[in-house]
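Written out below as structure tokens is the structure these notes cover.
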Amino acid sequence: MNNLLSIEQLTGDEIRDLLALGHRLKAERGHHERLPLKGQTWALIFSKSSTRTRVSFEVGISELGGRPMFLSVHDIQLGRGEPIKDTARVLGRMIHGAAIRTYGQQEVEEFASFSGIPTINALTDEEHPCQILADLLTIEEIYGPGSWKDMKIAFVGDGDNNMSRSWMWAAKRLGFTLAIGAPTNYLPLEDFRRHLDCENVIFTTDPVEAVKGASVINTDVWLSMGQESEGLSKEKHFYPYQVNRELLEHAASGHSVFHCLPAYRGKEITEDVLEHFAPVIFREAENRVHAQKAVLATLADARRG
């Protein structure tokens with residue numbers, strides 16, 4: 001593995017290896033830590049605002065012995081129109097790796113292609129691979145190693161956003177059952193479904209059907225960054241998909257609710273449900289550190305060869 005650009009690019013074995021390493025690095029935190037990034041500088045190139053992604057990467061890089069360098073696109077020449085390939089070729093001669101949080105998937109892929117250094121997708125409009133790895137890590141902590149393979153996982157809300165797409169690719173690679181519950185116009189198009197080609201991913205417009213028997217129920221904001229102008233015109237379609245007590249009555253016994261945060265209480269999730277599952281949701285956020293440390297360490301080891 002030379003880059004992490006999407007869950008799609010990974011094999012099932014690579015995902016399992018990253019999860020195992022994430023568990024190990026979390027257990028070792030504060031003692032017997034590896035320093036695979038010692039002497040290295042990693043850039044965090046962000047076009048979008050961030051709390052969890054920025055902090056978790058800065059902490060993870062530092063704990064692995066490296067130096068994080070935060071670069072907002074508004075502070076570098078990318079923000080003034082310099083081509084990505086030029087920025088990539090410059091930084092590739094100066095730093096050891098980069099995590100990029102931006103809009104278009106093609107931007108991350110172009111940077112990786114031209115920089116020649118390990119590149120991590122820290123979120124695009126198409127995928128959010130680091131969050132999915134953190135979520136899978138959290139599932140294993142709650143239910144046991146590899147427990148996802150025997151469970152149904154549900155995602156309700158916008159069925160065609162970066163989180164739902166990354167969940168679909170994880171289901172494809174790992175073989176668990178995934179139900180996507182979303183309004184008709186917010187389910188993936190047929191072209192994507194044909195490309196995915198995965199019988200264990202179920203699409204439905206019925207939120208109850210999606211959640212029925214699910215051990216893990218995921219949701220996300222209805223308006224992703226950059227979609228704020230759509231406002232009420234988009235939100236009105238999603239209220240039947242709100243994660244609330246009534247919907248969760250159809251989930252499996254012992255279920256958990258996941259949210260990648262930030263959450264808008266009273267919209268995609270009710271206040272009482274979020275607070276009830278806060279220990280899970282905020283563990284999920286913490287595990288961004290450990291999942292990303294696993295990615296960083298794996299990329300550094302591959303680079304050394």
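Glycine is no exception: its Cβ is also placed from the backbone N, Cα and C atoms.
Quick caveat, the model's predicted, so the values are computed rather than measured.
Record check: Swiss-Prot places SER50, THR51, ARG52, THR53, GLN77, HIS128, PRO129, CYS130, GLN131, CYS260, LEU261, ARG288 at the carbamoyl phosphate site, and the matching candidate among ARG24, ARG29, ARG101 is ARG101. Long-range Cβ neighbours of ASN162 (L-ornithine binding site) (same chain, at least 6 residues apart, Cβ-Cβ under 8 Å): LEU123, THR124, ASP125, GLU126, GLU127, HIS128, SER224. One residue stands out among the binding-site residues CYS130, CYS260 for having the most other Cβ atoms within 10 Å of its Cβ: CYS130. Geometry remark: GLN77 (carbamoyl phosphate binding site) versus ASP220 (L-ornithine binding site), CA distance 32 Å. Neighbours of HIS128 (carbamoyl phosphate binding site), defined as other CB atoms within 10 A of its CB across all chains, total 27. In this structure, the binding-site residues under consideration are GLN77, SER224, and the one with the smallest number of other Cβ atoms within 10 Å of its Cβ is GLN77. Taking every pair among SER50, THR51, ARG52, THR53, GLN77, ARG101, HIS128, PRO129, CYS130, GLN131, CYS260, LEU261, ARG288, the residues recorded as binding carbamoyl phosphate, the greatest CA to CA distance is 31 Å.
In sequence order, PHE155, GLY157, ASP158, ASN161, MET163, SER164, HIS259, CYS260, GLU268 are the residues near ASP220 (L-ornithine binding site), counting only same-chain partners six or more apart with C-beta under 8 A.
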